[in-house]
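Peer 1: Let me give you the structure first, and then I'll get to my questions.
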Amino acid sequence: MAGAPGEGLAVAAVLEVVADITGLFAFNGGAACGVFRKDCLDLVRRIALLKHFVEEIRDFGPFHEFTLESSSSSSNSCSAGWWSDLVVALQAAKRLLSVAGCFTSSNPTDGAAKKISFQFQCVTWKLEKALGNLPYDRFDISEEVQEQVVLVRAQLRRAAERYGSVNSRKLSHALSLPLDKDAKPDHVPESIDSKRQSADQMMNKLERSRSSSESSEVSPSSNVYSEGEDNSPSKSMDEMKKPDALVIPDDFLCPISLELMRDPVIVATGQTYERSYIQRWIDCSNVTCPKTQQKLQHLTLTPNYVLRSLITQWCAKHNIEQPTGLANGKLKKGDGSFRDVSGDVAAIEALVRKLSSRSVEERRAAVAEIRCLSKRSTDNRILIAEAGAIPMLVNLLTIDDAITQEHAVTSILNLSIYENNKGFIMLAGAIPSIVQVLRAGSMEARENAAATLFSLSLLDENKIIIGASGAIPALVELLQNGSSRGKKDAATALFNLCIYLGNKGRAVRAGIISALLKMLTDSRNCMVDEALTILSVLASNQEAKAAIVKASTIPVLIDLLRTGLPRNKENAAAILLSLCKRDTENLACISRLGAVIPLTELAKSGTERAKRKATSLLELLRKLQQL
């Protein structure tokens, strides 16, 4: 183990880099300033979430044992690379933030600004790539921390897509290039500088080794920036970041999200915020103005139509399309033309106002009408969300009126079909209220609550939030005791949620295995396909694997190999293969239960996937007999 301390120091050094980044940010008053303020805020927030991951690696023990083992064979060389990838990306992020945090320029399209903008793209791409190869199982990383890392990676992936695509070799090479001296901030605290230097020294060895390994992939001519040349990367940056090159007027930015507002509203203090963000602030029992800290005398949110019109005009002038394509009462259609919806807007806004009526009957009639409208068309879903209906519908989920509750959850389900609305529903804090309906609402409301969770979970980061909300036990209960439609809605939602690793254990602990086994042995055979599909997703998880075997599911699966429909046979074989890999006890069990004959038949006449799974199982059985 001699020579290993270098790697051990690297773990401490990475933690110090993360501390440097957050420390530099704190020195700047809690926020970066200048042209790249939002880029800095986003990057620092994401890196800060990685702190717990690195701490768990440090606490695990001898890091060098992993690095030496990984580098000892060529088959594991890619495993060793993940750490140096992460180191290089974090070092590059630190250098970039120290420059970009205070960068100001009267001309944001000049060379220095373009270079910094491109570096943000490089760092985002590199971090996302590094987080895709993390060996969680080797360091016993907790589910909670895994969820954080998955969330950070999803955010980085979306950010990388917004920046655009550039040749990966140029991106890698750009990370090692120094930024312009002109772009260096005027004031950097000495303590931060000295800490940065000490951390840099600790990781020089890793960075040099990583740079040398990448140099073979990058030819000298691939230098991203050449003095005095208007080369192609500079042009691609103009294409990729035209909207970001503009300086958005401060009055157009929400003080909470620091993003361009699309639905500005005025609170009691006279300050303006994006509706979804200030509504969530209020929903969290806050009664002060976020910007002034003054107490809000009332919680009414008044649309700021003047500012909204100014933002629309500014977007049109600078060729920036607003998310919904709604401008001046006209809605952009798929062919690029506009449809006048001013009459629809007025009618929908009147309906939305009635959602907060004190009259139960008026409120019920309004939400019923919104349910019908949201079912009819995408345009209606856009207009209803634009009118600020989502936070009000979420509030109606918890009132003591079953009919209104049912209409409200179904309206949210309909609105969630439009992709952009999913984010606004999550921002409105809808998940706890939807789960409450799922637990205690009418049967139709519970069915639609389950369907809503499925719709929202189509976004990967939402799988984490929904899984942590307590939704999975409620879905399992509906799977066991719901109506036929309710069981199907629950099964669909559970399948999608269990694609995410952290939710598999939650589902097992909620009793999903016994529920699925009951579905497999139901004489009506109405949900065998759904049960097998969910089991095939769960079977790769160790906790689920043990629960499946303990529930005596293997004999049922072998019986399905003999008598099931082609798709059922395929899934049964896939589940058995997952259970038997690296498990001679389970292999011996399926051999005793007579699996060889149906597997042999399946390997000859099944679907293509079934043939592959059956052939692999037969090969494992042959190896077992040779032991």
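Glycine is treated like the rest: Cβ placed from N, Cα and C.
TrEMBL entries are annotated by machine, without manual review.
Feature annotation from TrEMBL assigns compositional bias 'Basic and acidic residues' to 179-198. Here TrEMBL flags 212-226 as compositional bias 'Low complexity'. Annotated domain 'U-box' per TrEMBL: 247-321, in sequence order. The annotation region 'Disordered' is assigned in TrEMBL to 177-239. The annotation repeat 'ARM' is assigned in TrEMBL to 388-430, 429-471, 470-497, 511-553.
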Peer 1: Along the repeat 'ARM' (429-471), what average pLDDT does this model show?
Peer 2: 93
Peer 1: Just to be sure I understand, if DSSP states are collapsed into helix, strand and coil, how many residues of the repeat 'ARM' (388-430) fall in each?
Peer 2: 33 helix, 0 strand, 10 coil
Peer 1: Counting by DSSP, what is the helix, strand and coil composition of the repeat 'ARM' (511-553)?
Peer 2: 29 helix, 0 strand, 14 coil
Peer 1: When the repeat 'ARM' (470-497) is classified with DSSP, how many of its residues are helical, how many are strand and how many are coil?
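Peer 2: DSSP composition of the repeat 'ARM' (470-497): 25 helix, 0 strand, 3 coil.
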